[in-house]
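According to Swiss-Prot:
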- SER2: N-acetylserine (MOD_RES)
- 3-79: domain 'SH3' (DOMAIN)
- 80-109: region 'Disordered' (REGION)
- 84-97: compositional bias 'Pro residues' (COMPBIAS)
- 113-301: domain 'Rho-GAP' (DOMAIN)
- 333-428: domain 'SH2 1' (DOMAIN)
- TYR467: phosphotyrosine (MOD_RES)
- TYR580: phosphotyrosine (MOD_RES)
Amino acid sequence: MSAEGYQYRALYDYKKEREEDIDLHLGDILTVNKGSLVALGFSDGQEARPEEIGWLNGYNETTGERGDFPGTYVEYIGRKKISPPTPKPRPPRPLPVAPGSSKTEADVEQQALTLPDLAEQLAPPDIAPPLLIKLVEAIEKKGLECSTLYRTQSSSNLAELRQLLDCDTASVDLEMIDVHVLADAFKRYLLDLPNPVIPAAVYSEMISLAQEVQSSEEYIQLLKKLIRSPSIPHQYWLTLQYLLKHFFKLSQTSSKNLLNARVLSEIFSPMLFRFSAASSDNTENLIKVIEILISTEWNERQPAPALPPKPPKPTTVANNGMNNNMSLQDAEWYWGDISREEVNEKLRDTADGTFLVRDASTKMHGDYTLTLRKGGNNKLIKIFHRDGKYGFSDPLTFNSVVELINHYRNESLAQYNPKLDVKLLYPVSKYQQDQVVKEDNIEAVGKKLHEYNTQFQEKSREYDRLYEEYTRTSQEIQMKRTAIEAFNETIKIFEEQCQTQERYSKEYIEKFKREGNEKEIQRIMHNYDKLKSRISEIIDSRRRLEEDLKKQAAEYREIDKRMNSIKPDLIQLRKTRDQYLMWLTQKGVRQKKLNEWLGNENTEDQYSLVEDDEDLPHHDEKTWNVGSSNRNKAENLLRGKRDGTFLVRESSKQGCYACSVVVDGEVKHCVINKTATGYGFAEPYNLYSSLKELVLHYQHTSLVQHNDSLNVTLAYPVYAQQRR
């Protein structure tokens, strides 16, 4: 059975420093089991940022080693099903010529390819095929400043070049061979590979980028991403990297060898792409791809970044005068189960050293996330919990989250990560929030609620409209790309017909000239002209469609930008509206009045509440408070009940309660926090003085504002129907 995992590619060489580490070589492919990251408390999406994870434990597919490696030394490739390896089929191998038979150069040209696939030529720690490395080193040593390099053909024939390539890499001496022969052997090597260095699978995407993206900077970034994609096997990627470094080195001395990026791309793009496999109409676009790859310095290796720290275990935790025995729930900087968006809002425009702690998004018991402001950005640091100890990384040494935070309020986090040279200076206090509601009377607050709700609805409608346009445009772009491919095939068919007709027309025209049959000659010429005209029409239609596609692709990106710019406003408006609504609810404003300010007429809306009813069964706590019942008993009590049926029980989490409610026919559970400010499902909503007050509020207010999967109200106490 296969398991899910993630693949990474090594960007730098790393020599292991500890027994549990593994060596890395540039281009190595590594696999990490998803379960190992989940066990450490990382959520979906974080695997794409290995530098934030720190040290990963995985398997080096290139060397066969298993162990720890630094996340700062690798890049994320994508997901992968991990299963037992299957033997890779060998490429076709040519039959040897029978002894005594003679072969001409033409015979050699027709011979099947002699070189093995790139995947079979590389073995760690090679950064490219050994034969290719030897050729390039010899060429750079002899001909780096040669003005005729790669442009003058040597006197060697094809058979001699292939004989050179067939030699044993270790024994062959290239010192005495002319540089032009080496250059021709280099070209022949690229042509004799079973598959081009740049696989045909990425041709169409490269061409689409060249046609659709107008910004050169954006084009380079997208091209980099495509070149590093899993579509290019890592042996091919390493070879391409090596070739680009060679071409870049040649272009650096173009004043002497006359080989600038453009000239090199014109010479080698047919060999790297194999134009016979691509449309000749796209030749210029493919040349442009190679020119950009050579011209930009993205392929040059940067110095390796700092290793993620493995801090030594502290001998003792200094007593800093703070209360390490304080409950986490009472800590002003602990916000419980709030979203990342809310955290970003609270830390917006704050000073370096501002911080807060929330529950980890993985919901694993005991794991938390510290969000710290550093360098104008939010840094997310996982707080791990194992065997009663807490910490940022192994070994875990602190007895509580409070003790951990207090330690780093006096000590720099550079102990943990050299890039985080800052202390936890300014806690974002849940007790000293900015007063959002500035007005001092109910009527004024109600008017502001109406204003914010109107703005929120307008923004929501705008976002929905953009989303529909985004989806429609995406579908149209795909249809146009398909149509362009169909045009290309149609043009190819018509051109073949045109060539066939042209070939046979010459014979018939000569025949009819001898016979003096002018009418038949005119008919043949007329048919030929009609065919050429039809080809021109199709080419014009394709050109217009390509122009439309380019414009629509630009619109598509603009829509995406606008949607992303609206999201923060939408979140902030909803948050502000909810705070005004909560203020009014706490002041005892009746629901009918709230509905007027919210403009609600549909009673099914989450804010359109039923009329206040003094006879609600919710007033009797015995109808819903079941005391110390556990999760299984709660599910048995609620099984088969209608949506909105609920109960409240004591939670396994010390000092808290749990609410169990039926949603879409299933029983869901959520924690009710008990804090110094009151009961609630999450900050800043822990404001209800009793469980009864909380239940009465959510009798008419949906839980969806706290959890998207809980679109339900606490409508029916579990024992209410039995008591009627």
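Note that Cβ sites are derived from N, Cα and C of the backbone, with glycine treated the same way.
TYR467 (phosphotyrosine) falls within a helix when secondary structure is assigned with DSSP. Break the domain 'SH3' (3-79) down by DSSP state and the numbers are 16 helix, 33 strand, 28 coil. Using a 10 Å radius centred on the Cβ of TYR580 (phosphotyrosine) and all shown protein chains, the other Cβ atoms total 22. In this structure, TYR580 (phosphotyrosine) is part of a helix by DSSP. Break the domain 'SH2 1' (333-428) down by DSSP state and the numbers are 21 helix, 30 strand, 45 coil.
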